[in-house]
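Undergrad: Sharing a structure with you now.
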Amino acid sequence: MTYRILALLFTLFAFVAPSLAQDDPRELINALGEANFREAEQLIGQIAQTGDARVVPMLEAFAEGNLFVRKADGIVVTAKEEGRNLEAFDALTGESLGEGPKAAFTKIRVNNNLRRALRSALGGLTLLSPDRAVRLSAAQAVLQSPSPENLELVEAALAKETDAEVKTRMEQARAVSLLASDRSIDEKRAAIETVASLGGREAIGILMSASNSLDESLKPDLDTAIAQIESKLRLWDAAENVWYGISLGSVLLLAAIGLAITFGVMGVINMAHGEMVMIGAYSTFVVQQVIRTNYPGLFDWSLAIALPVAFLVTAVVGLVIERGVIRFLYGRPLETLLATWGVSLILQQSVRTIFGPTNQEVGNPSWMSGSFMLGGMTITWNRLWIVLFALTIFFALLALMKKSSFGLQMRAVTQNRRMASSMGIRTPWVDAFTFALGSGIAGIAGVALSQIDNVSPNLGQAYIIDSFMVVVFGGVGNLWGTLVGAMSLGILNKFLEPSVGAVLGKILVLVLIILFIQKRPRGLFALKGRAVEA
Amino acid sequence: MITGFILRALEGRIVIAVGILVAISLVVPALNLLLPSDHPFHVPTYVVSVMGKYLCYALLALALDLVWGYCGILSLGHGAFFALGGYAMGMYLMRQIGSRGVYGDPILPDFMVFLNWKELPWFWHGMDMFWFAMLMVLFVPGLLAFFFGWFAFRSRVNGVYLSIITQAMTYALMLAFFRNDMGFGGNNGLTDFKEIIGFNVQADGTRATLFALSALFLAVCLLIASGITRSKFGKVLVGVRDAESRVRFLGYRVENIKLFTFVVSAMMAGIAGALYVPQVGIINPGEFAPANSIEVVVWTAVGGRGTLIGPIIGAVLVNVGKSYFTGAFPELWLFALGGLFIFVTLFLPKGIVGTVQHYLARRKEFRDADGAEAEAGMTAKPQAAE
């Protein structure tokens, strides 16, 4: 109550004594030397009311605790420590007043109330700055520490403002300050709406804290505004979950899509698939090391360079595995499972021997770090790029399978090996290159995963079971099934997480898949017809 | 009926194997306990424990062979049944610690006191009684196998798909057991055991007894498995493995046959786990890791699947190799294991025992053929053997 009376007094004072104050706020500043905390708070308000831009540095110094009283004459100065001495400056003009021993000055202490008052005063003062960015941040400052004293400054600034964005922000700041003031109920009602348009938890906080001092008749408006914001927030939360789900789904898609080729198309259970992903990630690491030491300027391009490198490396490894092991085991899926598991152990141990068992540091290029806001959700650039990348790979692969002659041969060999062979397709060659393609795509996935996961010899192990789940869930031999499988598992995971926790969510997903396979043993999009039993 | 079952089980090779197992169950503990420690034939206690561990692995491999070698179910989740049996035993051993734990709580195990739990979760009740815990060793893996198999076999999930979902099952269990609030000690699992039915777990006598029990249980399970596979049921089982749909068309309920075998096998794995835990002194969620279950598959494959004795030999051989390599060349072990996987699948698809059997059968064939020819030349009797 006293606070409101005082606020009223200041406003009055500001009208009564502008001439005195506008000439020189020096008197007000010097009064700070003797003031207690509460008086200082009033004085700060008065100083701000002068609208004198020269007081800005002084107020800033005050907030940082660099305001002192010179004991000799009681003049308030800003000062900088110079060893045992202080160098004093004129509080308004910033002229140096010479050095003196510390003992000759008394520091003016600041508490949190004062800091808040200083912040809002500074916010008010800089609202008129010619710099757009300064005005914007000033409006933001007022918004965050509203005080009725600032209201008129804000309104004055608002009248002059031309920039649309700054104007909206200032209107919101005005509304927030207005709620704490003693304006008419209608104005406040409008202010509630303006604050509600701000959205987010912040607005709820402002409205909640305002609800105590507001008139009873405004309560329903307040409640509807809060309810409105909350329902909007829930929508954004759901949207955010969907986005996280899609981003997790793309990671799964990347890890699983190569498997969809080797397992789905060729019927080979490649337990070394995860290791292909790992080798892709290590290729990225090696490429980055080379670039770091030799061509540091190219660092932002490192991922683009790593992509073909990783593809080639893993494709060659895949080719060797196919020629060396798998070609003897066609038609015996359980045996390929065992043999490729052996391959995976060997690859893991090789990487461990070469690079060591610890995580390797893979850097993010500048265009992959940071984030931006989309409405009420934060989107990080690396996730966005991975989603786009996964979809690009998916459609490229789809096109390759459907449109190219290699894809045609691949599908022919899958459906009827002997007939394809009779038609003059070199089936061993197709097998080898299909496997190399699947492995190469796993390598590309490794490049992407190196950006969001630890690059360690165990990287592949972390994805192999999830990848199999995606392929089995989506339906073998169907790329669209893999896409739908990856996305639905990703989104399901993210929606389960908040309610049951990450680990339990994952367990639930696994259990659901096990149950789902009971219902549809061949996955969501099962192949139909004669090819099924083969 | 039971005598008939056992008599049929006692085929030549099985008799020898059971005889060897019974013999070592007597000889090794005797050499350990009776001889002075400087005697050349003295078996040190740590060797007894390590050998006991191998026998548990052998039992696990035998259990897998029953479903994989005879029924064609490649389970990549048998480690889960093993670990569940182990956890049941671990819970019993944990309750036996009583107030000797670090926090001295007479009822709650240390990790529960540490997590500020006030009372025992419901599934820990009764685990302080030995008979109940041993019942759980059989019951819990059996129940999981029953429900899992019920769903899987009824909807005809087969081959690779079955392998992958068994792997997912053990993976899900691993994630679950790593959680602290599951009530199984989370990351650290159950350890720091003191005594088992009143005997000190660390004592030489207890260790020798556990070893003997492992050998005997292995012998008993070998008899049971042999009885199953040599019965008429066993022939149907092999039929299911080789041509499932034909067996179904003959009127057999394939899913029930598979389910029975799967449950029996899971219980054997549970017993193996229960014998393993007191000898090793710890059970933790790492036992559920899919990699462990796949390793069991390689033991079975190395020894020879579908031979019953092969997996026992394979498990012991691979694990002796593992102990040697991880001691002498720790870097090389995964290379060796991986190479073994590839070598066996490519060059020894029948495993050691299967290949030897095949070789012996071929030689016998040749010799019989030669003998018959020689006989025919001598006496001019056109009578050839088979």
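Backbone N, Cα and C define each Cβ position, glycine as well.
According to TrEMBL, the protein has these features:
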{"type": "TRANSMEM", "residues": "B:12-35", "note": "transmembrane segment"}
{"type": "TRANSMEM", "residues": "B:41-60", "note": "transmembrane segment"}
{"type": "TRANSMEM", "residues": "B:67-89", "note": "transmembrane segment"}
{"type": "TRANSMEM", "residues": "B:129-153", "note": "transmembrane segment"}
{"type": "TRANSMEM", "residues": "B:160-178", "note": "transmembrane segment"}
{"type": "TRANSMEM", "residues": "B:208-228", "note": "transmembrane segment"}
{"type": "TRANSMEM", "residues": "B:257-277", "note": "transmembrane segment"}
{"type": "TRANSMEM", "residues": "B:297-320", "note": "transmembrane segment"}
{"type": "TRANSMEM", "residues": "B:332-353", "note": "transmembrane segment"}
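Would you situate these features in the structure and describe their surroundings?
TA: Within its own chain, the transmembrane segment (B:67-89) is flanked in space by residues 60, 127, 133, 136-138, 140-141, 144-145, 159, 162-164, 166-167, 169-170, 173, 177, 184, 190, 228-229, 234, 237-238, 240-242, 244, 257-258, 261-262, 265-267, 269-278, 283, 285, 287-290, 292-294, 296-297, 300, 305-308, 311, which lie at least six positions past its ends and keep a Cβ under 8 Å from the stretch.
For the transmembrane segment (B:208-228), same-chain residues at least 6 beyond its ends with a Cβ under 8 Å from one of its own Cβ atoms are 5-6, 8-11, 14, 17-18, 21-22, 24-26, 28-29, 32-33, 45, 48-49, 51-52, 55-56, 58-59, 62-63, 65-66, 70, 199, 234, 237, 261, 264, 268, 271-272, 275, 278-279, 308-309, 312.
Here the transmembrane segment (B:297-320) has Cβ contacts under 8 Å with residues 13-14, 17, 53-55, 57-58, 60-62, 64-65, 68-70, 74, 76, 218, 222, 225-226, 229, 337, 340-341, 344-345, 348, 350-355, 357 of the same chain, all six or more residues outside its ends.
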Undergrad: Could you check if the transmembrane segment (B:129-153) is in contact with the transmembrane segment (B:12-35), meaning 3+ Cβ pairs under 8 Å among residue pairs at least 6 apart in sequence?
TA: no
